[in-house]
Structures are given as C-alpha cells and as structure tokens.
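TrEMBL lists 1-138 with the feature domain 'Nucleoside diphosphate kinase-like'. Under the heading ATP binding site, TrEMBL lists K9, F57, R85, T91, R102, N112. As annotated by TrEMBL, active site, pros-phosphohistidine intermediate applies to H115.
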Amino acid sequence: MQHTFLMVKPDGVRRQLIGNIVRRFENRGFVLVGAKMMTISREQAERHYGQHKEKPFFGELVDFITSGPVFAMIWRGDNLIEVSRIMMGKTNPLEAAPGTIRGDFATYVGENVIHGSDSPESAERELENFFSTDELLAAGVLSSATDRIVINHV
Ligand code: GTP
Ligand code: MG
C-alpha cells in the first residue's frame, strides 16, 4: 500500500476535468483520502519544481502552475506511484497513449492537465509542500507516533 500526491493542474480545473480524473483513479480501486482546491504561491511553485530550476521553461512552468486554482489530492492504493504515472501518460501529451489522462485530454507539454509524484521521496516532499500537518494527520498520511509522513505501507 502506498500514498501519493496527485494534482489537477490549472488547465484541468479550468476545463472542468476534476470529476473525470477523480473517477478514473476511483474506478481503478484507489482511495481519495484528502483533497482541496487552492491557488499556489510562486514560492510554493518554485519549491515544487525545484529540480527544473535551470531549465529554459522554468519561468513558464511557474507562471502556468500559479495561473489559477489547482486541485491537490492525497491518494492511497497498491503500487499507486507506479500505476498513477502509467495512468497519467507521458509528460509530452503528443507521446502519451490514448486512454491515459494526458493522451486523452492534452496536446501541449506545458499544459498537461495532471501532476503525480514520481517516487516515494517526491511524494513525501510534495505532500509536505501542499498540505498542513493537520491535513496530513486527517488523511492518515502522517504518523502521530513518529511524526513522519508514511508513503509505503506493508
Ligand atoms: P509533472 O507531473 O508535472 O512533474 O510532470 P512529469 O513528472 O511528467 O515531467 P517533469 O517532472 O519532467 O516536468 C515537469 C513539467 O515541466 C511537465 O509536466 C511539463 O508540464 C513541463 N515541461 C517539461 N518539458 C517542457 C518543455 O519543454 N516546455 C514547457 N513549457 N514545459 C515543459
Ligand atoms: Mg515530475
């Protein structure tokens, strides 16, 4: 069992794709354990995409992700990080297979509808960046005993 962070990006919210995207993960058997609509600050966006700081598209990336509300979610399920990345499809929607979220809903790499953590380490970092301690506790992601975010469960 795993927890992960998924987020409908501003283009997906604007296009009213939240329900469709949530339904795909629920249909697959995953469980939504926390969610909120929020507009992220530039500081939060720069932290989220810190690994891309040197890339030529970094400014555009931060402009886009802060351009309107996102729908931030915490999900739980078996092999969730790997399976959610498959369900999202390739980063460039033009290379994403039909049937995947990006393959069905997007055409431009800069606006590709959904974000999902790519590893347990990313999931921990990203959940901490988007959710408060109280929200992580309520979602069952933060262990009150150890004060640590739990990504991988037995
Ligand atoms: P995220 O879930 O958003 O992290 O996507 P990813 O893990 O599939 O891709 P990656 O982390 O490598 O890149 C982060 C984001 O940068 C992508 O989702 C794209 O929206 C954006 N991106 C990547 N390459 C380009 C590019 O060439 N131009 C622009 N404008 N954006 C890009
Ligand atoms: Mg990424």
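Just so it is clear, glycine is given a Cβ too, placed from its N, Cα and C backbone atoms.
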Across the binding-site residues (T91, N112), the Cβ with the fewest other Cβ atoms inside 10 Å is that of T91
Just to confirm my parser: what is the rounded mean pLDDT across the domain 'Nucleoside diphosphate kinase-like' (1-138)? 97
Taking a cut-off of under 6 Å between Cβ and any atom of ligand 1, tell me which of the binding-site residues R85, T91, R102 pass. T91
By a three-class reduction of DSSP, H115 (active site, pros-phosphohistidine intermediate) is assigned strand
For the domain 'Nucleoside diphosphate kinase-like' (1-138), the number of residues DSSP places in helix, strand and coil: 67 helix, 30 strand, 41 coil
Inside 10 Å of the Cβ of R85 (ATP binding site), count up the other Cβ atoms and send me the figure. 17
